[in-house]
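Presented below is the structure to which this report refers.
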Ligand code: NAD
Ligand code: IPM
Ligand code: MN
């Protein structure tokens with residue numbers, strides 16, 4: 001059956017890693033005889049430049065008519081001085097809200113071959129397998145009022161951290177459901193010693209836990225969680241947390257794998273199309289050089305195949321192909337000290353495609 005995929009390359013390295021993804025998807029369609037139809041849309045800085053707004057109506061409608069959305073990244077210095085609601089990032093936030101993508105899954109998977117790429121010791125990272133379930137459409141990112149008022153010494157800036165019981169309930173339930181599927185445990189991360197929203201969060205966790213009597217769960221304060229992720233990441237299985245904490249903890253957790261260029265994500269709603277994107281940004285410092293690591297985006301394609309299309313064989317083959325290229329010693333610049341052997345984005349993508357083709361043709 002035909003699958004419609006909206007492709008939003010965005011800014012900086014976004015187009016480079018999206019190219020990698022469409023090449024791999026095209027190879028999957030050839031190998032498994034699927035039809036993937038790509039429709040491109042502008043989001044972020046490119047959209048500001050082409051139509052004066054970070055989330056054009058046309059882009060939103062392309063996404064709504066699709067079975068899944070693939071996003072590169074948005075943002076960059078060119079647009080950094082624009083007012084908050086005109087920035088590229090506002091386009092991404094608007095898209096998450098419009099598609100009601102409240103559940104953001106950020107798995108942290110360790111590849112044995114990458115042990116030495118991580119700044120953490122081998123014995124700390126071996127066997128880590130955790131997923132951060134981040135609330136994505138509430139909290140500080142969306143709360144009102146959000147404003148600047150007053151002038152000079154009197155000037156103040158306001159952001160609002162607000163969560164409704166309903167918003168907390170649905171993400172916490174997702175957290176428990178994931179823990180159930182993985183046969184694991186849940187850690188709910190909050191700041192209940194200070195924040196009222198976190199105290200409500202804890203109450204709701206206690207209530208939802210009653211629906212999952214067989215799942216063990218605990219609460220952890222976010223500052224401690226940030227430390228524990230480095231001290232002993234193996235203690236975690238599923239972490240459920242609010243929007244801002246999840247943003248920060250997932251960048252931190254990426255270093256367990258060795259690079260921010262490795263971590264994928266899936267953002268899901270109750271029933272509409274999901275959005276799949278690397279957790280990293282537009283990396284202006286390396287944009288245009290052709291050296292970005294495409295693996296976070298290719299792993300996001302694995303998540304798309306799994307969650308949007310239920311193509312489990314295809315997802316497994318791609319995930320194994322990524323593992324194979326790493327086992328064979330192929331590295332992009334972010335994963336090695338040895339500049340001479342580092343592969344470009346295009347070369348790394350070709351290695352993954354070769355490994356995938358071999359795997360599927362032989363099996
Ligand atoms: P960043 O994630 O873009 O980059 C942080 C560092 O990681 C940089 O040194 C970069 O070179 C490196 N890096 C990131 N992805 C990489 C990859 N695939 N391969 C190799 N190295 C990689 O974060 P930043 O520099 O703080 O933000 C830059 C811009 O990106 C900002 O405008 C920010 O708002 C935006 N951003 C967008 C998203 C998104 O679209 N989802 C996410 C994060 C940041
Ligand atoms: C991410 C990014 C975004 C976020 C920004 C670009 C709005 O950092 O996807 O992690 O904070 O959610
Ligand atoms: Mn982030």
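Every residue, even glycine, has its Cβ placed from backbone N, Cα and C.
Positions annotated as domain 'Isopropylmalate dehydrogenase-like' by TrEMBL: 4-352.
For residue 76 (NAD(+) binding site), applying a Cβ distance below 8 Å and a minimum sequence separation of six or more within one chain yields 11, 12, 45, 88, 282, 284, 287. The NAD(+) binding site annotation in TrEMBL covers 76-89, 281-293.
Look at TrEMBL and you will find 96, 106, 134, 223 tagged as substrate binding site. Note: residue 106 (substrate binding site) has non-local neighbours 131, 132, 133, 134, 246, 250, 253, 263, 264, 265, 279, i.e. same-chain residues 6+ apart with C-beta under 8 A of its own C-beta.
In this structure, residue 141 (site 'Important for catalysis') is part of a helix by DSSP. The feature site 'Important for catalysis' is assigned by TrEMBL to 141 (among others).
Note: residue 191 (site 'Important for catalysis') has non-local neighbours 198, 221, 222, 223, 245, i.e. same-chain residues 6+ apart with C-beta under 8 A of its own C-beta. What TrEMBL lists as site 'Important for catalysis' is 191 (among others).
Cβ neighbours within 10 Å of residue 223 (substrate binding site), excluding its own Cβ and spanning all shown chains: 13. Summarising the annotation, TrEMBL assigns Mg(2+) binding site to 223, 247, 251.
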What binding-site residues in 88, 134, 247, 287 place CB under 6 Å from ligand 3? 247
Filter the candidate list 80, 84, 141, 191, 247 of recorded positions, keeping only entries whose CB is under 6 Å from an atom of ligand 2. 247
Quick check: in three-state DSSP terms, what is residue 134 (substrate binding site)? strand
Output, ordered by sequence, the same-chain residues six or more apart from residue 247 (Mg(2+) binding site) with a CB under 8 Å from its CB, or 'none'. 134
